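Structure first, commentary second.
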Amino acid sequence: MLFNKCIIISINLDFSNKEKCMTKPYSIGLDIGTNSVGWAVITDNYKVPSKKMKVLGNTSKKYIKKNLLGVLLFDSGITAEGRRLKRTARRRYTRRRNRILYLQEIFSTEMATLDDAFFQRLDDSFLVPDDKRDSKYPIFGNLVEEKVYHDEFPTIYHLRKYLADSTKKADLRLVYLALAHMIKYRGHFLIEGEFNSKNNDIQKNFQDFLDTYNAIFESDLSLENSKQLEEIVKDKISKLEKKDRILKLFPGEKNSGIFSEFLKLIVGNQADFRKCFNLDEKASLHFSKESYDEDLETLLGYIGDDYSDVFLKAKKLYDAILLSGFLTVTDNETEAPLSSAMIKRYNEHKEDLALLKEYIRNISLKTYNEVFKDDTKNGYAGYIDGKTNQEDFYVYLKNLLAEFEGADYFLEKIDREDFLRKQRTFDNGSIPYQIHLQEMRAILDKQAKFYPFLAKNKERIEKILTFRIPYYVGPLARGNSDFAWSIRKRNEKITPWNFEDVIDKESSAEAFINRMTSFDLYLPEEKVLPKHSLLYETFNVYNELTKVRFIAESMRDYQFLDSKQKKDIVRLYFKDKRKVTDKDIIEYLHAIYGYDGIELKGIEKQFNSSLSTYHDLLNIINDKEFLDDSSNEAIIEEIIHTLTIFEDREMIKQRLSKFENIFDKSVLKKLSRRHYTGWGKLSAKLINGIRDEKSGNTILDYLIDDGISNRNFMQLIHDDALSFKKKIQKAQIIGDEDKGNIKEVVKSLPGSPAIKKGILQSIKIVDELVKVMGGRKPESIVVEMARENQYTNQGKSNSQQRLKRLEKSLKELGSKILKENIPAKLSKIDNNALQNDRLYLYYLQNGKDMYTGDDLDIDRLSNYDIDHIIPQAFLKDNSIDNKVLVSSASNRGKSDDFPSLEVVKKRKTFWYQLLKSKLISQRKFDNLTKAERGGLLPEDKAGFIQRQLVETRQITKHVARLLDEKFNNKKDENNRAVRTVKIITLKSTLVSQFRKDFELYKVREINDFHHAHDAYLNAVIASALLKKYPKLEPEFVYGDYPKYNSFRERKSATEKVYFYSNIMNIFKKSISLADGRVIERPLIEVNEETGESVWNKESDLATVRRVLSYPQVNVVKKVEEQNHGLDRGKPKGLFNANLSSKPKPNSNENLVGAKEYLDPKKYGGYAGISNSFAVLVKGTIEKGAKKKITNVLEFQGISILDRINYRKDKLNFLLEKGYKDIELIIELPKYSLFELSDGSRRMLASILSTNNKRGEIHKGNQIFLSQKFVKLLYHAKRISNTINENHRKYVENHKKEFEELFYYILEFNENYVGAKKNGKLLNSAFQSWQNHSIDELCSSFIGPTGSERKGLFELTSRGSAADFEFLGVKIPRYRDYTPSSLLKDATLIHQSVTGLYETRIDLAKLGEG
C-alpha cells in the first residue's frame, strides 16, 4: 500500500502573504452579534475600498477583487449545562455501582462458601441467555427455587419486610438482595440527624411554615388544634377537599388569597401565584413537577428572593405529609413501615386491577383490549409498560369511565391519586435515607445472630448507605481535572470508611469557596458579596431610597429625601420590619415633619429591597446593639458568607466555632441551621472600599449622603466629576501576562458563551483586516453589539399582555369602550390587533385626544398624530410610555418640550384618572405634567440626548477595553496610554434612526448582507460625528476622560442641549420642529474650527447608497469541528440520549452499544450518532462479490466517538473502513464550502459516519436584490401588523413589482439553488397571483408578520432547505443535494475569517502532480 505517497491535508492554512501597506487612513466598523459579526472598512470619504486578493490553490484563478465589507456567520456558542448534567448523572451511577461493589466485597467470602457464582449471575442477569456465563436464573440458579421465591416475595419490599420482622435464619442471598436494594435506592439526605417513621412531625413542620409565612407576609395566623390538621391531611379524601378543610381552620383567610394558594401546594395540587403577587402572567407551581425548581426560580425572579424561605418551608411540610402517607400502616409492630406501606400499595393495586378489568370487560371487548393490551394508548398497558405517566393514565381513565354508571369507586380513588399506584413513583423522592437505614438495622440485627460477619461489619454496611461526598469536596478525580478541586492528605483509593483520613475537608472547602464565588463585573479582581450580605442589602436599600421623592401641601415641587431622612427611615422602618411600604414613608414624613397631603415617587406600594438578613440575625442573636455596631461588620459578613457557601451543617458548625467566644452555643446552633442562597453582582470593595479622590467618600457614603444631587449607583460610577469611573476602568486593564492569550481573556468576561464567541471572532477579524491593510493600524474601530435574545417568561409574553392589561384597567375606570368600540376592519380585538400603537393608545386613552379631550374616531386612527411627550430631539424613546394619540401634535401648546401649562391644567384630572386605573404609568403622568415643575432643565435635556448616543452596557465596554489594550499599548512619560487607535462605541439606535431617515431599509429575510451594512453605517456615523465635533471624543472614545474646563464644561447647559439635539441632524437637509416649523441646513456640513468638509448630503449619501447596493459582500460561514450533535435544533451529546431497542433482523440501523462490550444487535443502543467532520478520501475500494478494485474519490464521515481513533492513526482508521491504496485525505470541517462549475455554492454540513452516501448539504449562495425590491419587501413584511395605511398603500401601489421579483427569484433558483421541480410548482401557483389578496401575497413572499418563516425566501436563503407555503400551495423541502453532487466539477474553497483570503482546490485536478 502506498502509505509513503499519501498526502493528508487539513484545510486550516496560514494566509501569510504580505500585503502592501495601506497609504490612506481607514476605520473599521463592527456589528457583533451572538451568531454573526458584520465588518466594514471605510476610508475618510466613507467609501469601502476594494483590493485585488491573491488566491492560493490549484485553480486557474489567481486573483479576485473584493470589497472590504463582509460578515462572518457561526453557530451560536452554547452553555455547558448539557455536559454538566450528563457528567453529574455519570458520577451518580458510578457511585451507586461502587456502593454495590463495596457491599459485595463484604459479603464475598461468606457468599463463596454458599454460592460462588451468585454475584456473577446477578451481573449477567440482564444479558441474553447466550451471553450468560452461568444459569439464566439469577438468584438460585434453578427454576424451582426461583419460582418459590417469586411466589413468596412478589416485590423486593415483601422480602425486606420479611427479613426485618422475622427471627428465622434467612438465605444469605436474600439478605444481600434486601441490603443491596436499600443501598442502591437509599433516599434523600435533606433531613439531618436521627429520624424515624415515628417522629415525622407534621404538626411541627406546619408550625414552622406558619411562623415563616407570618414573618414574611406580616400576618398573625395561628392554629390551636394542630392535631386536627394532621387528621385532615392523613384522611382518605381528595386533595381539594383537604385544602378546603384546612382553610376552614383559619376563618379570616379567603379562598382566593395567598394562604389558600400555599395550601394547594402543600396538599399536592397546583397553585397559581399570579394574582397574589400582581403579576401579568400565570405563575403556576406544583411540587411534584420535575420543573418545580426552575418554575420557582422564575417566580422568585419576579417577586424577590425574600420569599424563598416560605416556599422552602411549604415544600418541607409537603414532603412530611407525603412521607406520613407512606408510613401510615395498620401493623404497628413491624420494623419495616416503608416496606409495609409498599406491600399495601401492591395489594391494593392487585385488587383494584381485578375490579377494573371486570368492570371494563362488561363494557366491551374492544374497550378492554384498548385499555389492557394496546400500549400505544394511555391505558393500563401503556401505563404499566412505562410509556404513559400516572397523570395521563388518570386523565384517560376519567374520560373513559365518566360515560358509564357504577364507576364512582374508581373515580374517587383517581381524584385522591390513589388508584393503581406503582411501586416506584415520583413521591418516593420524599423518603429520607433514615427510613431505609431503620429497616437495614432491623435486618442486620436479626440476621447477625446467624451470620457473625454481619455483626462485625454492621458499621461498615451502614456507612455504605449513609455516606455521601460533601458537595463542597466535589468530584474525587485526581490530576488536572477541570471539574475537581478536592485536596487530599494521602494518595490512596477513597472508600466510605477512609474518607476523613484521605480528604482534607477544610482545605477542599476553601477551594470550593474560591471556585464558587464569581467576580465583580466592575472590579474583575474582586469577589462578589453574597446576595444576603448585610452590606449588600444596606447598599440596595439606600440605592432605592436615594431616588424616592415626595411632595406635600404647600410644596411647589417634588423633593428628594435628605441624608437624615434616609438614615431615619432605615433605622425606624427597615430595621423594624421586613417589608417597608409607601405608607411607612408617608407616616414618617407626617409624624416627624408634620407634612400633609403627601405623594411619593420612586416607590410603588413597597420597596423592592429590604434588610431581611438583619431581621434573621436579630431573631437568632437577639442583640440589636451588636448588629448595629459597625465594628462587628466583618464578623457578620463572614457568618453570612459561610451560611451562603455551605449547606452541610457540620461544616457550618466547624467554621462558626471560631466565634464561640462571642456567641453562646445556642446562638451558634441556630445559626448553623440557617442557610442563604444566591450571590450579588458587586463586591465589598466597590460598594464601600474604593473612594473618590476629592471627597474621600465611598459609593455607599454617597448613597447615604449626596447633598442635593441624590445620585444612585449607576450615576455615581459614570459621573465624570467623580473618580469612581476612572478607577473602575483602571481595574479592568488586562495584565501583560494575559494579553497573549486573548481567548482566555474573552472567556473570563461576564456574559453568555454566545456573546463571548462573537467577541472572540470580532477580534480575529480586526487582526486580519489590519494584515490586509499591510499592517497599518486603523484610525478608529467602531463597535456595536447586538442585545442578546431574552428568553425569560416575561420577555416571551410581553406581546400577549396588552389585551389583559386593557381589560383590567378599563374595568377599573368603568369604561366599556373595549367592547363597544371596535374598528370596522376588525371582527374582534385581540393581542395581534393591539400591536398597532394607534389602536392600543386609543384604548389606553379611553378614546380621547390626550391634549384636548375630544373624542377620536376609531376608524380614522391613521389620520391622527402620535406625539412623543419627550420630543425625539431629546430622547429616542418609542415606548408607549412616551407616546400619546392626538388629533394634532400642535395641541400640546406653546411648549416645544412638553404639553404646556395651559394643557396640563385642563387635562390633569383626566390623566390622573388614567393613572389610577393603570392605563398610564407614573412616569408617563410625570412627563405629561412636567410643565408644572418648570419643564425640562437644560441639563436634563443634555443628559437625555447623551444617553441615546453613548453605549453604556458593561459588556460593550469590555470589548472596547480589549481592543484598546490591543492597539494602544504604548505609554507616555506619565505612564498613560498613547491612543493612536480610537475605540468608539455607539448605540444601535443611531444606525436605526439613520436607516429610517434615509429609507435605507433592512430586510433580514433576503440575505445576510445586513450585518455588514450595519457595521458600515456605524463606521460612517461615528466618523462623520467626530469629524464635525472632534471635541466629542471624550464622550464616545474608550479611555478618554473629559478634562477640566473641557468642551463640555465650557458650554452652558442651554448650548449643550442645542448641541446634543442637533448631532444627528448633520445628515439632514432640513429639520421639522414640533411646532410645525421647518429649518433648512447647509448642503455641506463642515467642521467650524478647521473648515474641513464633513458631510455632503448629496454625494456622501449617494456613496452610502452605493455601498449598500454592492452585490459583492464577503459572507463566510465559520467552519468548525463539531463537539456535539443536534437533536431538533438543540445540542445533544455523542448520540441521542435515550436507548433504542435492538434493531429488527436485516435492519441497516446503526446503533452505538450502551456499553462497549454489549452488542447493539442484541441489546439495542444509541441512535443518532453525532458527526464531527468529514474527510475526502482518494484511493481504492473492493466492490461487489468479486471484490473488484475500483478507484474512488468520496467522503467519509468521522463521528465524535471515532475522532480520537482517527487522530491516532488516520491511515489505519480508513483502511479498516475498507479503503486501500490511499493517495489523499482532505479533512473537511462542518460548513466546508464547495463551488460548482455553474457558480452555485454548497456547504457540507455533515456526512453520516455510518453511511457515506448520505449527508446534509446546505445552500451557499446569497441572493442580491435591488433597492426597489428591498423597499417593497420592507413594507410587505409590515402590512398586517398595523392599521397604519402607509405600508399597505405602498404595496398596493407597487403590486406589479411582485411579478418582476418572482421571476427574478425563480431565475436565481434555476441558476444557483437547483430546485427545478419546486420552481415548476411555484410557477404554476403564481399564475393566479392577481386573484390573491395583498395580505396573502405579502406573507407568501416574505413570511407572515411576527413569524421567523421567510416565505419564498426559504427557497433562496443560505442554509438547509425548508418547506414553505406559497399562495396556498405547499412547497416541499428540496432534498436532491447528495454528497456525490459535490464531487462533480467542484472546487473546494477555504476562506479566512474575513473571506478576503482564499485557497481553492479543484477536485478534478487532484492527483495531478
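Backbone N, Cα and C define each Cβ position, glycine as well.
For Asp31, the entry in Swiss-Prot reads active site, for RuvC-like nuclease domain, with the evidence type sequence analysis. Note on Asp31 (active site, for RuvC-like nuclease domain): other Cβ atoms within 10 Å of its Cβ, all shown chains, come to 29. Asp31 (active site, for RuvC-like nuclease domain) carries a strand DSSP state (E or B).
Sequence annotations record features per position, and here Swiss-Prot assigns active site, proton acceptor for HNH nuclease domain to His868 based on sequence analysis. Every protein chain shown contributes to the tally, and the Cβ of His868 (active site, proton acceptor for HNH nuclease domain) ends up with 21 other Cβ atoms within 10 Å.
For Asp31, Glu788, His1011, the entry in Swiss-Prot reads Mg(2+) 2 binding site.
Residues or ranges marked as Mg(2+) 1 binding site in Swiss-Prot (evidence: sequence analysis): Asp31, Glu784, Glu788.
According to Swiss-Prot, the compositional bias 'Basic and acidic residues' annotation covers 1121-1130.
The compositional bias 'Polar residues' annotation in Swiss-Prot covers 1137-1150.
As annotated by Swiss-Prot, domain 'HNH Cas9-type' applies to 792-949, with the evidence given as sequence analysis.
Residues annotated as region 'Disordered' in Swiss-Prot: 1121-1151.
In this structure, the C-alpha atom of His868 (active site, proton acceptor for HNH nuclease domain) lies 30 angstrom from that of His1011 (Mg(2+) 2 binding site). Annotation for His1011 (Mg(2+) 2 binding site): same-chain Cβ neighbours under 8 Å, separated by at least 6 residues, are Asp31, Gly33, Ser36, Val37, Gly38, Val71. In the three-state DSSP reading, His1011 (Mg(2+) 2 binding site) counts as helix. In this model, the domain 'HNH Cas9-type' (792-949) carries an average pLDDT of 77. Glu784 (Mg(2+) 1 binding site) is surrounded by 27 other CB atoms, counting those within 10 A of its CB over all protein chains shown.
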